[in-house]
Amino acid sequence: MPAERWRQWPLALTLAFCVAGLIPVTARLFEASMQAHLLVQMPLLAFCGGYWVSRSERLQAWLERADPSGGVALVLGSGWLIYWMLPLNLDLATFDPSVRLLKVLTVPVLLGATLTWSWRQLGPVGRGVMLMEGWAILVRLGWIYLISPVQLCSNYLIGDQQRTGSLLLGLALISAALAAIWGVFGPFRKTDRCQPE
Amino acid sequence: MSSRTALSMALALCLVGGLLWQRTAGFSAFTYETWRQSQVVRQRPPVSDWRLQDDQGKVVRLSDWGEQVLLVSFIFTRCTSVCGALGVRYRQLQRAMEATGSKRVRLLSVSIDPAHDTPERLAEYRSRFGGARTSWTIARPADEQTLSTLISETGLRVIPDRTGGFAHSDSLHWIRDGRLVRISAWTDPALEGLLTDAG
């Protein structure tokens, strides 16, 4: 069915993006600057995994049996997020082919897919914690990269590092503003939901 | 939360914790530079007999130093940042060696920019600090092959910066009996002890 097949193109696109992270020519495009590596390639790899989870009903059925609460996925996802935030791993992925392979294979699955699944399974409090923690990570990491007098990645110049730090803090600022707007006008208003019984 | 879920979460925590532990050498190395240091202490990787050309144009080899501990730092003469500090530090260590008469340690500065750093330029670098040649050798890799060999053997990362120079590690590489035995910061106070300690 051509119509059915046509609908597969986003899936093909995500797979192509992952493969592009392995082909030296395209991999170097993403790894050339710290900003592209940490703020474009990594989030997009994670997004690919998240997309697979939200797209595949078979995968969801399997996850429903394996991890109905989303707790295991949350532990795996946040642990793997910490793993790939280390300057060491960012560095190694740019010149050690085995670490690059590990990145492309595991960031979509162990970071993107897991965090997406736990987000789907968690209640509002859990989601709030995830959002707050995600925001805190942006601030912490951005602040460290911005003020560190030491070049933390051997492969990226300190100017690159500081620009990445500023961008992370900028993202934190934007998300804080969005969260504030959501908090004031969104579904958390007392009048909307918390009516006395 | 069922006990099965709790157990699975604990296992998942052990898994990612174990992977983190393994990568960071026991939660101690979070940057490539510190990781390289911990790997060297563990593996003591062998280094080949580098062919270098010193600031008098003479070819020297790593094996010429025999059993002496060689402190190797990497520099380039156009460098405006840490290479100057490294030179000052080497002169300071050299003075300490002269004061004690110790022959245990020798100093070696290797240029990572051999195309530009001719023996004359290396001699000019020395003249900035005024160290004698006897215990401090300043040299460049004798050929391109040696440059890439010493970079891969030490795990050094050299990346071009925006001013035509390079960003590179300022650590000191301890080489003894053809092995890289330690990488330490140039500010490491243990270096003074190394000059005189026996063994």
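Even glycines carry a Cβ here, placed using N, Cα and C.
Automated prediction, rather than curation, is the source of TrEMBL annotations.
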Return the single candidate from B:Cys14, B:Cys79 listed in TrEMBL as disulfide-linked to B:Cys83.
-> B:Cys79
Cβ packing number for B:Cys83 (Cu cation binding site), 10 Å threshold = 24
